[in-house]
Amino acid sequence: MLQSLAGSSCVRLVERHRSAWCFGLLVLGYLLYLVFGAVVFSSVELPYEDLLRQELRKLKRRFLEEHECLSEPQLEQFLGRVLEASNYGVSVLSNASGNWNWDFTSALFFASTVLSTTGYGHTVPLSDGGKAFCIIYSVIGIPFTLLFLTAVVQRITVHVTRRPVLYFHIRWGFSKQMVGIVHAVVLGFVTVSCFFFIPAAVFSVLEDDWNFLESFYFCFISLSTIGLGDYVPGEGYNQKFRELYKIGITCYLLLGLIAMLVVLETFCELHELKKFRKMFYVKKDKDEDQVHIVEHDQLSFSSITDQAASVKEEQKQSEPFVAAQVSAYAEDSASH
């Protein structure tokens, strides 16, 4: 009897704090995934780093042996200055790009990477005035960019996601959940093809030193706003039509980022993912229900859209289809 009471009380305790348990598992899972990534990256990249260090030591020792008039401190001072300039996007190599890093098209490309928080790090402000302006420009520009992307994604999602799903649901009677899943998968496949595979093939042709994997890697790193900066297009030696190429890359990054956000928003609107996300949210109390606090669904990535406007939009979209079905039903009844 006591054991059954204890068991039932434990079950009630777990159910009462189910959201907290799920959140704790979520935090633990994220930390484990972080450690897993660190272990894999370290085991894969550390041997290559060690080989590169050994190769550089051999080259340095051989160079000093062949040029006895040059001391090691002088060589290190020269190399340090060269590396410092390279960090600012300036190279001393004769076959390096002779183009300026701060002409208009390059500055436009830099501004787009700053506002999208991609930040390759290949070109950075050199002067104190440029660094100060970059801070002010980013403080204003990044929220402005988020507002712009929110408005664009909301409008595109209405026409690309909600209307097609609602049409197949009302016109053909398919389950809204099933149509949403199929539509999200198809949209994701089209987006990956148009903004990853095809551009990767184009970059592998335009960039002499890039293969398809490196080009695909650049597309993913850029559109996911990681922006490591190890691959930057348009920086090759004697790049043809460099200005036009830079403008095209800027447009590609902006359109690709919008497409990625539309796909993410489409997946976040799936009923199954909404239920899954609610497992980790704090349940609202009755007092919270009485005041108009933002619902938990809006705390997810899908909060970038105005959900109240979305509901109204869906209602407006459903009216023509419902009216058409009612009129068709009335005509069939009159004919019989």
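Backbone N, Cα and C define each Cβ position, glycine as well.
If you check Swiss-Prot, you'll see Leu126 and Gly234 are listed on the same side of the membrane.
Within 10 Å of the C-beta of Lys274 (SUMO cross-link) we count 14 further C-beta atoms, all protein chains included. Listed by sequence, the residues of this chain that lie at least six past the ends of the intramembrane segment (212-224) yet keep a Cβ under 8 A from its Cβ atoms are 118, 195-197, 199-204, 231, 233, 253, 256-257, 259-260.
Break the topological domain 'Cytoplasmic' (157-181) down by DSSP state and the numbers are 21 helix, 0 strand, 4 coil. Below 8 angstroms of C-beta separation, residues 218-219, 231, 233, 236, 245 of the same chain, each at least six residues beyond the ends of the topological domain 'Extracellular' (203-211), sit close to that stretch.
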